[in-house]
Structure formats: structure tokens, C-alpha cells
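Per Swiss-Prot, the features are:
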SIGNAL    1-22  signal peptide
CARBOHYD  N25  N-linked glycosylation site
ACT_SITE  S40  active site, nucleophile
CARBOHYD  N102  N-linked glycosylation site
CARBOHYD  N324  N-linked glycosylation site
ACT_SITE  D332  active site
ACT_SITE  H335  active site
Amino acid sequence: MYISKTIVFGLFVATLLVSCNADANTTQPLFPAILIFGDSTADTGNNNYYSQAVFKANHLPYGVDLPGHEANGRFSNGKLISDVISTKLNIKEFVPPFLQPNISDQDIVTGVCFASAGAGYDDETSLSSKAIPVSQQPSMFKNYIARLKGIVGDKKAMEIINNALVVISAGPNDFILNFYDIPIRRLEYPTIYGYQDFVLKRLDGFVRELYSLGCRNILVGGLPPMGCLPIQLTAKLRTILGICVEQENKDSILYNQKLVKKLPEIQASLPGSKFLYANVYDPVMDMIRNPSKYGFKETKKGCCGTGYLETSFLCTSLSKTCPNHSDHLFWDSIHPSEAAYKYLGNFIDAQIQEWLKT
């Protein structure tokens, strides 16, 4: 009888411990929803449903490493950084594009993407790419709010938006398309300094509009080392030596410094807001300088085609791809691979965790 009681007691304790451990491992989302704005680094497929858009990733080899091995509009071989962040925060594994026709109510409640490949803060940027400019993405957001209210009611909808994490990833297109490679804006802004200030002013107006619509927790991505993008090595005839365009990297650093200074100023003027600068420059540069640390063998060209020019409609199912997708920093001549996005996502997640402590 004594043995029987001991066994029963032991089973009870074991069951209790398993139950406690299960509860401990069930992490609640840190934010009720995630809302994504920006360009192709964040577009999870909106351009698929926007007929005017020039840049689309609705064909292989884009998406080749996603479940089902099918392209769905993401400019990479797999997940984007927004998907990685959403997963790390326990919100959901994939953030759907708002323009997707069959988007579910549950996806509306937990957040969607409004980004458009080819977009920038400067409306001029979208003229050639026919993308949805960052300045027009709040129009989609307003439609989203209306649908969200129809699902959960006005009060709950605003509660979700107030507490959601807003992620903004844009900027490189403005400088690459309008200042470096097609210098349209140089006529009005002869120096990079003036154009940087113009772009930041546009960013300022954009985040203030999001705030007026209820957004409070806003993460703003800085610029990567633009001079190291394969497309820029091609544009500046650096492909043979593989040397980054140092001046463009210096421009990225200066812009980021200005952004770091500006965000606290914006936050101070918007009661209840909380801004986070997402540093992408340093981790990407570290991947370039220390590739073996991340398992990369190639950091100067993309996996698709030659790696120096192909992107969007130039990177197709007819393009040869590198044998090992995960050993390339870049998937095409502009966009990082899923492997790189995972490292970046982990880096930014650590920033978010520290941000939440403040």
C-alpha cells in the first residue's frame, strides 16, 4: 500500500511539473499585432495584387525555400525580416499582404503588411517603379482599420492598433533610384546632405500620420551599407574587385546618425508614442567583414544569376541559382537571403527586447 501511494504521489508531482513547464514555455505575444510599411525588404506580396507595379516577386526562384516552394511576392528565397520578427515575437510565422484577396479575419486581427516593392519616402521614387509610395500606404491602413473595427468593434480595434508593433523599412530606393544611379533629385538637391534632410522630413510626416491613426509603438529601420549592395557594385563598376562604394556607405552612416537624433525629437512631440531605431547597418557590415562567422561564403553578389544585376523580372525561373542558398548574404542583386534576414531578425529582436525594458 505504501508503494502504491508513493507511485500515485510521484505521478501527481510529475504531472504537475509537466503542466508548469508547459505553461512556462507558452509565451504570449509581446504585441497583439504587427503592422508593416515600406519597400521590397518588407513587401510580403502586395505588388502581386497591384497591377501597375513594375517590381514583383511572384515567380521562381523567389520563394523557393518557402513551404510549398512557391513564390508569393517576397523578394528573397524565403522569409523576410518582418516574418522573422513576427515569429520571434510570437505573433505569427508569416505576415500576409493587405491586398491579398482572401485574407482571413484572424490575419487582420494579428496584423498585415502594407509595404510595396519599389516604394520610398520620396514620392518621386515610386514614379518609375509604379509602386505604392510610403506616403499612400496609410490609405490602405485606413481601410484595414475599418475592416478591423468590423471584426472586433471600435474599442477593441483601437486597443489593438495602440498596442501593435509598427515596423517601417524604407529608404534605400530613394537614394539609389533618385540620387545615385538616376540622379533626378540632384537637380533640386545638389548635395546628399540636403536630400537626406528632405527624406527625413518625409519620414517625419509619415510617422506622424500613423500616430494620428492610432499607432504608438513604431520601429524605424535605418539604411544598410548601400555601397555594398551588389547592384551598386555593378553601377559603379566594382564587380571585379568587389570593393564597396565607400562614399555611399558614408552617406548611409550619416543618414542613420540623423535618424537616430530625429526619432527622440518626434517621440517627445507625440504623447504616448515610443520609437525604436532599428540598426541594420552594423549587422550587415559585420556579415560582409566576417562572413565565416555567419556561415557565408559569398557576400558581394547575389545567389540568382550572375548576382550583380538580376532582381525582380531579371531574376526568373530561367536564372541559375547558387547550389547552397544559405551561404550567400544576398539572394539577388539587392535583397538579402533568408539566412541573412534570420540573422538580422535576431539582432533586431534583441533591440526590441531591450526597448521594452525602457
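Every residue, even glycine, has its Cβ placed from backbone N, Cα and C.
Sequence features annotated in Swiss-Prot and their locations in the structure.
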residue	record	contacts (Cβ under 8 Å, 6+ apart)
S40	active site, nucleophile	F55, A57, F75, A115, A117, G118, A119, N173, I334, H335
N102	N-linked glycosylation site	none
N324	N-linked glycosylation site	K297
D332	active site	F75, P230, G302, C303, C304, G305, G307, E310, T311, S312, C315
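Taking the Cβ of H335 (active site) as centre and 10 Å as the limit, one finds 27 other Cβ atoms among all the protein chains shown.
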